[in-house]
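Enquirer: Dumping what TrEMBL says about this protein:
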type     : residues : note
TRANSMEM : 21-48    : transmembrane segment
DOMAIN   : 23-507   : domain 'Major facilitator superfamily (MFS) profile'
TRANSMEM : 68-87    : transmembrane segment
TRANSMEM : 99-118   : transmembrane segment
TRANSMEM : 162-189  : transmembrane segment
TRANSMEM : 212-231  : transmembrane segment
TRANSMEM : 349-366  : transmembrane segment
TRANSMEM : 372-391  : transmembrane segment
TRANSMEM : 403-422  : transmembrane segment
TRANSMEM : 442-462  : transmembrane segment
TRANSMEM : 483-502  : transmembrane segment
REGION   : 509-539  : region 'Disordered'
COMPBIAS : 526-539  : compositional bias 'Polar residues'
Amino acid sequence: MAKELQVLNALDVAKTQWYHFTAIIIAGMGFFTDAYDLFCISLVTKLLGRIYYHVDGAAKPGSLPPNVAAAVNGVAFCGTLSGQLFFGWLGDKMGRKKVYGMTLMLMVICSVASGLSFSRDAKAVISTLCFFRFWLGFGIGGDYPLSATIMSEYANKKTRGAFIAAVFAMQGFGILAGGIFAIIISSAFKARFDAPSYEVNAVASTVPQADYVWRIILMVGALPAALTYYWRMKMPETARYTALVAKNAKQAATDMSRVLQVDLEAEEQKVEQLTEDKSNQFGLFTKKFLHRHGLHLLGTTTTWFLLDIAFYSQNLFQKDIFSAIGWIPKAQTMNAIDEVYRIARAQTLIALCSTVPGYWFTVAFIDRMGRFAIQLMGFFFMTVFMFALAIPYNHWTHKDNRIGFVIIYSLTFFFANFGPNATTFVVPAEIFPARLRSTCHGISAASGKLGAIVGAFGFLYLSQDQNKAKADAGYPAGIGVKNSLLVLGVVNFFGILFTFLVPESNGKSLEEMSGENETDEGSVPNVEQSSYNRTVPLV
C-alpha cells in the first residue's frame, strides 16, 4: 500500500515556476565554478613549464616533468573523489542545505589560494598549488551529490530530468568562460608585453609578467561561487529530506507552502507511519539494499567510471591532440603568452561548437526520449567516432585532412554531453531512497572521478610516441595516439553494455523509483510501473 505525502505530491505535480529556475541557477553556478576550476588548469600547464622548468640552451621550451604534470592535472581529481564520498555521506546525515554552504566556501577560499602559490622556487610553487587544488577539488566534490540531490528533490516529475541536466549543463558555460577569460587575459598581456618566439630568444620569450597570467586565470574561479553564497544560504531545506529523513512534517509543509505559495497541511501521522515502517529503514550495507538497489548502484558507478575515462582523457589533453595534428604551432615558434592564447582559442572553439550544444540538447530531450535512450545513443556514437578517428589515424595527420579530424573529434564531445556525461549525473539523483540519495550519488560520482584519474594519467603515458626519442622529455615510450584512441573506443563500447543495468526513471516520482511509499514488508519497488496511473493529473 502506498501512502503519498501531500507536500511531496504537490512538488511532483507543480507547474514549472520561478523557484525552479532560481534553484537551477543557484545549484548551477556551483557547477559553472567546478568546470572553470577543473579545466582552466589545462590552459596554463604549458605556461608553468616555461616559467619554472626552463632549461638554458634547450631546443624546446621548458615543460613540466611527468610526475609534476601528473600531480598538477590530477590532484584536484583526487580531492574531488574524496569530497564526493565525504560530502555525499554528510548530506544525508546533516541535511543538504547545511553542507551546501561549506562546499562553496571551501571552493572560494581555495580558488584564491591556488593563485597565491608562494615563492619563486619551482618546487614551492608547485607544492602549494597542488595543496590548494586538492582542497579546491574536495569542495567541488561535495557539489556533485548535493546539487543533483537538491535539484531532484525540488523538481516536478514531468520536467525533473531537464532541471537536473540544466544544473549539470552549466559546466559547459564554465569551460567556455575559462577559455574566453584566458583569451582576454593573454591578449591583454600580449599587447602590453610583447616578446619574441622561443627559437629567436629563449629567455626573452617568457616575460616576467607571464607569472601573473596563470595566477589571475586560476583566482577568478572564486568569483561566481562567491556571488551565489547568499542565495544558497536562503534556500530552504528540501521537503523530502525534512519529511522523510529528519521526520519533521510540520517544517516540510511550512517550507514548501512558502516556496510553492499554496497551503499544505503537516501530515505528521503519515510521516510517522512511513518512517516507522521497518521495511524502509535499511542501510547502505544491508542485504535489503543489495536486493533492491545493488544492480542500480553497480550500473550508475560503472557507466560513470567508463564515461569519465574517455571524457577526461580527451578534455585534459585536447591541447596535445591539437599540437599533434598541427592545429597549434610548434611550441618553439611561439612565446609563452601566445601559447596560452592559442590553446585557449582552440579549447573555446571546441566548447562553443560541441560541448555547450551537447549539454543543452540533453536538457531539451531528456524528458521526451528518457535517460536510457540518450545514454545508450551517446555511448554508441562515442564508440563509432573514436574508431573513426583511430583506425585511419595517419590519414587525419595530413595537413589537408585536419579539419575533418577536428569535426569528428568535436562530434565525440557532442555525443558525450548529449549522452552519458549528462545522464550519469541525473539518474543517481532519482533512483535511490531519500536517506541514501546523496551518499549513493556521491559513490557514483566518485567512481566517475576514479575513471577521470585513470583517463588523465593513463592517457598522459599511453599517448606518448612508441619511439622513445620522439616521446616528450622524461616520459617512457607509449603506445601512440592512434592506439590510445582505439583503447578509448573499447572503453566506450563497455559503457553501452553496462547502461542496461540502469533503470529508466522518466516521468516517475522519486518515491516510486526508490520504493519509499511501499509499506508491505516484502514489496520491492517496481521501477517499470507506469507513473501515469495516479489520480492526480500531471500539470
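The backbone N, Cα and C atoms fix where each Cβ goes, and this holds for glycine too.
Nobody curates TrEMBL annotations by hand; they come from automatic prediction.
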Enquirer: If we call contact 3 or more Cβ pairs under 8 Å (sequence gap 6 or more), are the transmembrane segment (68-87) and the transmembrane segment (442-462) touching?
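Expert: They do touch: at least three Cβ pairs between the two stretches lie under 8 Å.
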Enquirer: Is it the case that the transmembrane segment (372-391) and the transmembrane segment (483-502) touch, counting contact as three or more CB pairs under 8 Å in which the residues of each pair are 6 or more positions apart?
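Expert: Yes, the transmembrane segment (372-391) contacts the transmembrane segment (483-502).
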Enquirer: Honestly, do the transmembrane segment (349-366) and the transmembrane segment (483-502) touch, with at least three Cβ pairs under 8 Å and pairs 6 or more apart in sequence?
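Expert: These two segments do not touch.
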Enquirer: Counting only pairs 6 or more apart in sequence, are there at least 3 Cβ pairs under 8 Å between the transmembrane segment (212-231) and the transmembrane segment (403-422)?
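Expert: Judged by the Cβ rule, the two regions do not touch, with the required three close pairs absent.
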Enquirer: Count the CB pairs under 8 A between the transmembrane segment (403-422) and each of 21-48, 99-118, 162-189, 442-462, 483-502, then give me the winner.
Expert: 162-189
